[in-house]
Amino acid sequence: MRSPATSFQGRLLRKFSPIPTRQSIEKLRSFSQHSSSFSDTQEKLEYCFDGHFQNILNKLSKHYKTVPSIADVSLDSNVRLTLFSGVLRSYASKGCLNEGKAVHGQVIKNGMDPDLDFWDLLVSLYVKCGSLQCARQVLDEMPERDVVSWTVLIKGLVDEGYSRDGVRLYGEMRKDGIRPNGETLVSVLKACLGCLELEFGLQLHAEVIKMGFFSNFLVGSAFVEIYSKCGLMELASMAFFYISKKSVVSWNALIDGYALMGDWEEILNLFCEIRELELKHGKFTLLTVLKSCAHLGNLRGGKAVHAQAVKIGSELDKFLSCCLLNMYSKCEFPEYALKVFQRIRSPKIVAWSAMIHCLHQQGQSQEAAEMFCLMRHSGVSPNEYTLASLISAATSLGYWKYSESIHACAYKYGFQSDNFISNALVTMYMKTGFVNNGWKVFNAMSIRDTASLNALLSGFHDNRACHLGPKIFREMLVIGLEPDIFTFISILKSCSYILDVGFGKQVHAHIIKDDLSSNGQVGTALLDMYAKCRCLEDADIILNELTERDLLTWTAIISNYAQSNQGQKAVKCFIQMQQEGLKPNEFTFSSCLSGCSILVLLDCGRQLHSLTIKSGLSCNMYVATALVDMYGQCRCIEDAEAVFKGMASRNASSWNTIICGYSLNGQGNEALQAFRIMLDEGFLPDEITFIGVLSACSHVGLIEEGETYFNSLSRYYGITPTIEHYACMVNILSRAGKFIEIESFIEKWKLTNNPLIWETILWASKVHGNVGIGERAAKKLFELEPRVDYNYVMLSEIYAAKGKWDDVVKVRALMSNQGIHKEPGCSCLEIDGEAQTFFAQDLSHPKISEIRVLLEGLSQ
């Protein structure tokens with residue numbers, strides 16, 4: 001015969017499963033009344049039913065979802081409380097605050113005595129529904145509190161952003177004598193991070209060690225995270241080391257910390273350890289590792305991560321695929337990025353934007369534009385980042401119609417009021433020379449900030465409107481906008497272009513006021529401005545005041561010294577830069593070689609040539625061109641020719657340099673031959689090319705060819721002749737003694753008021769001994785350049801060559817009456833890589849007496 005319990009179990013399962021009824025509840029109530037206590041009954045049922053009793057109660061609570069349906073049924077209070085618990089749990093998961101409050105009210109109304117689990121459930125309900133104040137009231141009313149109730153409320157406060165309240169509540173819990181568990185500590189550590197309570201975090205660290213929780217992987221990972229985000233990587237590494245069972249969470253916390261510190265090498269080392277330990281890792285780990293590969297330009301590491309992404313099936317994840325695109329872009333392999341992009345099924349706007357940005361970053365602006373057109377054809381609308389990349393590409397291309405099309409596209413997609421896009425459009429128009437369009441966009445902006453004015457200023461140092469830069473800067477200050485680093489850099493560039501050192505000094509005062517003079521970028525811009533305005537002493541002061549002088553700073557000062565014909569200072573700065581441990585790049589070498597060219601420092605130039613070979617830059621196009629120029633200026637045309645022939649690639653500037661080098665060294669035929677080869681190879685000549693060509697014609701005496709080349713300037717190449725070209729033509733005619741043709745040439749081109757032309761004629765008059773032409777040229781020069789001693793000396797020498805000593809005396813008397821003194825002649829020698837200058841009649845040398853005695857002895 002079956003036992004009553006067994007038969008009851010069968011009936012109960014049949015009656016209450018799968019759908020409970022009101023009659024079923026009544027039967028359950030009757031059964032409980034026949035037992036001595038409900039707890040005994042529940043214990044017997046659980047023993048007999050093997051745990052089915054709780055499942056049945058859960059089903060009952062799910063069926064009676066409304067509070068009245070449970071409250072109206074006559075049940076034992078413990079049964080009803082159990083049903084209420086199930087309903088509360090359901091309400092908490094769904095966020096039903098009002099319904100949960102109704103349950104709470106019924107419990108109070110019926111005078112029930114909830115157990116600790118029910119109180120914890122109430123706290124959880126209010127926390128999950130966002131009613132933290134009610135949760136706190138429940139916690140305060142609880143007759144007994146355990147770690148669960150405290151932890152639930154602490155976690156709720158922290159998750160809602162009340163980190164300080166969470167920390168304070170933890171303090172109350174400890175005073176209440178409750179020992180925290182792992183979840184409590186994780187929440188409190190998160191609170192420490194939220195309110196930057198690092199000191200409390202360190203105290204908690206000691207407490208955790210004391211309680212023996214430090215090896216817990218959740219707690220340990222939380223400590224790793226808090227220390228990492230505070231930049232304390234030593235403590236983060238120590239916390240990581242003591243975690244007994246390190247999970248992917250722990251590794252990710254440490255990796256993220258090194259990412260915040262920018263220690264990309266260490267991230268790769270950690271990833272290698274993860275792979276060696278054969279730990280499972282997800283896409284979040286790979287995202288950070290890919291970023292490190294991108295920063296380091298580590299293509300090999302990036303490919304390894306790519307392989308791992310394929311292995312775990314995350315290659316096509318939208319975030320990971322974009323990271324792959326960025327990594328291949330930074331590693332300068334856009335073809336690999338394109339392969340990744342082509343594997344993405346139905347790419348979204350993020351992937352399209354990443355691919356367009358990648359192409360633009362690699363200088364493939366045209367391809368970026370084509371990719372944008374393909375994106376539009378596929379039905380994907382651009383966002384502001386896509387358009388920003390496209391606008392930047394248009395700036396590189398410089399096509400006017402293309403710029404207008406992008407502008408129209410921005411309006412079509414509703415970005416006309418977006419400040420980010422408007423600033424990019426202003427920058428595009430200003431940098432491509434369409435100043436009026438840039439002004440229109442700027443004036444149409446409803447909100448203008450410092451970035452907007454920076455965009456406007458960005459073009460005022462790249463085109464003819466650079467004189468407007470100071471005006472815009474003043475207006476910016478009037479309307480109350482504060483300039484930033486980029487503002488100062490732009491306005492200083494404008495001052496450099498218009499050579500306005502006065503306004504540049506005013507800007508300098510503003511920079512000092514804003515405490516930005518120690519900034520490397522601003523300091524370099526200041527240095528460049530003073531150097532270009534020929535205030536080299538001020539530039540030296542700025543250089544000495546800069547605490548951090550990088551390669552860009554040194555290159556700027558070296559370049560400016562070279563352009564200011566102070567090659568010796570340029571070379572000294574180059575040496576000082578190397579002493580500070582900085583390695584020169586191609587631009588530094590080019591600038592320093594220019595300094596050697598100016599001073600004709602052949603030995604120094606050869607040493608620089610050796611350094612370029614050692615650094616692997618001798619084949620660089622810019623460096624090789626500077627070497628050709630240096631050897632040409634130093635009259636070593638064979639060496640210049642050897643460097644030129646060894647160049648892997650050449651541009652128009654390279655050809656100009658060798659042509660001018662041949663001309664300077666009197667090898668006119670070779671210069672003209674190089675010009676013909678340049679044309680055959682498809683290079684277009686420019687103004688400098690024709691200066692070299694016309695000089696070559698002058699050396700060889702090719703008058704007709706020179707006239708042909710001169711006429712082709714504007715006729716075939718669209719080049720407007722400059723004064724240097726006119727001077728070359730005058731030189732060609734004067735060398736041949738064609739003074740009548742020179743007069744016609746001057747009248748035709750209206751060159752009567754240009755000193756360079758008359759200086760050329762005066763020099764030719766001396767060569768040919770033509771006193772009449774020389775007198776006319778000198779008379780004109782006395783009007784145009786009355787204080788230049790060279791013109792008086794040249795006329796005096798013309799008279800002396802013809803034996804007209806009375807006229808020589810008259811010229812010298814004229815100089816004396818006007819207070820003009822001939823500058824003493826000088827000689828320049830290269831000694832130990834430095835230029836030593838010796839002036840005529842200089843008696844300042846401390847050993848002048850011994851030198852004169854030695855010279856007299858040598859003359860005898």
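Heads up, the Cβ atoms here are built off N, Cα and C, so glycines get one too.
Model, not experiment: these values are computed from the prediction.
Features reported for this protein in TrEMBL:
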type	residues	note
REPEAT	146-180	repeat 'PPR'
REPEAT	247-281	repeat 'PPR'
REPEAT	348-382	repeat 'PPR'
REPEAT	550-584	repeat 'PPR'
REPEAT	651-685	repeat 'PPR'
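Sorting the repeat 'PPR' (146-180) by DSSP state (H, G, I as helix; E, B as strand; all else coil) yields 26 helix, 0 strand, 9 coil. Mapped onto DSSP classes, the repeat 'PPR' (247-281) shows 27 helix, 0 strand, 8 coil. Cβ atoms under 8 Å from those of the repeat 'PPR' (146-180) belong to residues 116, 119-120, 123-124, 127-128, 130, 132, 135-136, 139, 187-188, 190-195, 197, 200, 211, 213 of the same chain, restricted to positions at least 6 beyond its ends. Here the repeat 'PPR' (348-382) returns a mean pLDDT of 87 for the predicted model.
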